[in-house]
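Asker: What TrEMBL shows for this protein is this:
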- 97-257: domain 'Alpha/beta hydrolase fold-3' (DOMAIN)
- 181: active site (ACT_SITE)
- 312-372: domain 'Alpha/beta hydrolase fold-3' (DOMAIN)
- 339: active site (ACT_SITE)
- 369: active site (ACT_SITE)
């Protein structure tokens, strides 16, 4: 009887710890609750940058393993470790994708299981046509902006070189730069830089951005307001990732979360810069809903001068000029309704369209941040599978 009572108490306590009042439209919410509970439990024991690799079994780094249809190898591309997935056989030139993983510029690796599975799935679906490179850039806090950007750019330049394209039999006219979350940020920044590089002999045909993070000046977009308590990317966590990436003091977090860093008395933020993330003009009505902008008249003068990366387009691609956007390749932008980064992606898609770039905006009404990871066991979900299929379908049809 005592064991049953103790078991009931423990079960109740576990259920209380796991349960979160998620929006009813979230796809398979109990799976998201379980994953979030694992993250929360681990962060009570370890620092954020140490914990995630321990709580989710499928993010562990694995060795390069080839399969019957795909040869997998680890090489150095642009001076940084990169995993290459190369279809076997066939004489036809193949399409090429370079992919940057997510993780707030501080977590992850191109050799982790989740990215290994992700890229293998893409290769199998498009096989034997796609050569994929998953790049492992340097991570915060040991490396800070612009180190990650420089790694991504160097890898991309190497990927576009005749030597690499010839080695892997890749068609120089069918190349894509891609990434998710922080990796989507790097992919967008690389697409802008190389799109404007008149000396580049080979350029990307496409950019595929998966729930990208693209700005750090407004933490009160409608999606930040609506989804601030929705796992797995909480609003304060995204602010911490930004500060760590930009090499800033963690004590500035409350100022970012209050939008004090983008107050009207910040002289280094011009009116044209503010217009580039004016969600009242860039978002459709169904996303703005009842939300109101939070713009402070006075805030923390000099904060942007202290953290210049906040307005550096290499860190915040949404702030790029229209002329730069116009020279970027056709784009695929995935967004999820229950993601604090939803509006970053939607605003970027709109700005690209206004600049004349062909854009496919792929929005998942029941999706959440990092949902594409849920395309695989042990946390498979419907929206994970649908988002993965949508991404692969777009690559197959547009690359």
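In case you wondered, yes, glycine gets a Cβ from its N, Cα and C as well.
Those TrEMBL annotations? Automatic predictions, nothing curated.
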Asker: What whole-number Å value do you get for the CA-CA distance of residue 369 (active site) and residue 339 (active site)?
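Answerer: That comes out at 5 Å between the alpha carbons.
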Asker: Would you mind reading off the Cα separation of residue 339 (active site) from residue 181 (active site), to the nearest angstrom?
Answerer: 11
Asker: Averaged across the domain 'Alpha/beta hydrolase fold-3' (312-372), what pLDDT does the model get? Just tell me the whole number, please.
Answerer: 98
Asker: Name, in the order they occur in the sequence, the residues of the same chain whose CB lies under 8 A from the CB of residue 181 (active site) and which sit 6 or more residues away.
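Answerer: 102, 103, 104, 210, 211, 212, 213, 233, 341, 369, 370 - these are the non-local Cβ neighbours of residue 181 (active site), listed in sequence order.
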Asker: Please report the number of other Cβ atoms within 10 Å of the Cβ of residue 339 (active site).
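Answerer: Taking every protein chain into account, the count is 27.
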